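Feature annotations, courtesy of TrEMBL:
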TRANSMEM  7-29  transmembrane segment
TRANSMEM  35-55  transmembrane segment
TRANSMEM  67-85  transmembrane segment
TRANSMEM  91-113  transmembrane segment
TRANSMEM  122-141  transmembrane segment
TRANSMEM  161-184  transmembrane segment
TRANSMEM  205-222  transmembrane segment
TRANSMEM  297-316  transmembrane segment
Amino acid sequence: MNRVIQTIALIFLGCCSNVIFLEFIVRPYPGSGNIITFAQFLFIAIEGCINYYQWGGVQRHVPLKNYGILVLMFFLVSVINNYALNFNIPMPLHMIFRSGSLIANLILGMIILKKRYKFREILSVVLITFGIILATYASSQSLNKQKSANNIKIDQTEPDVFRWTIGICMLVFALLVSALMGIYQETIYAKYGKHPQEALFYSHLLPLPLFALVGKDIYQHAQLFNQSTWLPIFSNVGVPIMWAYLFCNVLTQYFCIRSVFILTTECPSLIVTLVITLRKFVSLLFSIIYFQNEFTFNHWIGTASVFLGTFLFSNIHNEIIRFFRRPINDHVD
């Protein structure tokens, strides 16, 4: 039980603080998604090569060709989600979209896997869909109000609205690719068994050459980071503050992902879903309060709808009821 509590604490600490450092970076440099993603992938790949792969001393369970498609999907989702921040997408809306992956999973599951779902699950998807649509509409209204307050003519707002629309399309595409990735993972696990550490390692190692496609953008932002405010560490030694933020972002991302994988081995999947959902909600609240992101009444309704739908879909409430109805002796660890 102590291990579970410690793991949950690391998830909240790692994942929530990761969002903080991400916003510290993207606020002054909105287009820095590529360098952030590359740094995260490189760090986890190096750590996995040392601690898991042992420089070639571990035999692979899943054929490399199967990881190829999985890696391409994972790379696209990671890059697109981060790069969407460069298209007038507020951090709260970005987090809400990433919390709505159940929608794409359900739709593609019905189409590709021919699955049938219960009324509770369909109702959950309706709630999540409603929440995302409402949050999207509220954000577009906030953008128009901001332009009106600055006395900017309508024709001058078209480029910004256009960029915002592109960002929304990117998030929708990332949702669909993420759902396809989940379905493909399901087929791989069914055939070769579950090997989460191996999948985590290869999903971060194999995409590294693909970053050559955005190498120029990474280099340009590295130069911008070098020119950022100097952060003294001790005496005359210090680093540019943006590199310090990036290091903290990478480190917290590592603890976040690793802790989630540990929790999946310690708890039922429903409890893991509950922890992750609560973590997203805490991150969302902190982003709104600390960074003073505009969050209207419609945003709140949309957020509540998204998380309520997630809880219903996961059937968390029934799991909790069954847990507390168990005999007292069964609760003793």
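From the backbone N, Cα and C atoms, a Cβ is placed for every residue, glycine too.
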- Message: Tell me whether the transmembrane segment (35-55) sits in contact with the transmembrane segment (205-222), defined here as at least 3 Cβ pairs under 8 Å among residues 6 or more apart in sequence.
- Response: yes
- Note on the structure: Under 8 Å Cβ-Cβ from the transmembrane segment (122-141), and at least six residues away from its ends along the same chain, one finds 89-90, 92-93, 96-97, 100, 102-103, 106-107, 161, 164, 168, 296, 298-299, 301-310, 312-313
- Chain residues outside the transmembrane segment (67-85) and at least six past its termini with a C-beta under 8 angstroms from it: 26, 30-31, 33-34, 36-37, 40-41, 91, 94, 98, 167, 170-171, 173-174, 177-178, 180-181, 184-185, 188, 199, 202-203, 206-207, 210, 214
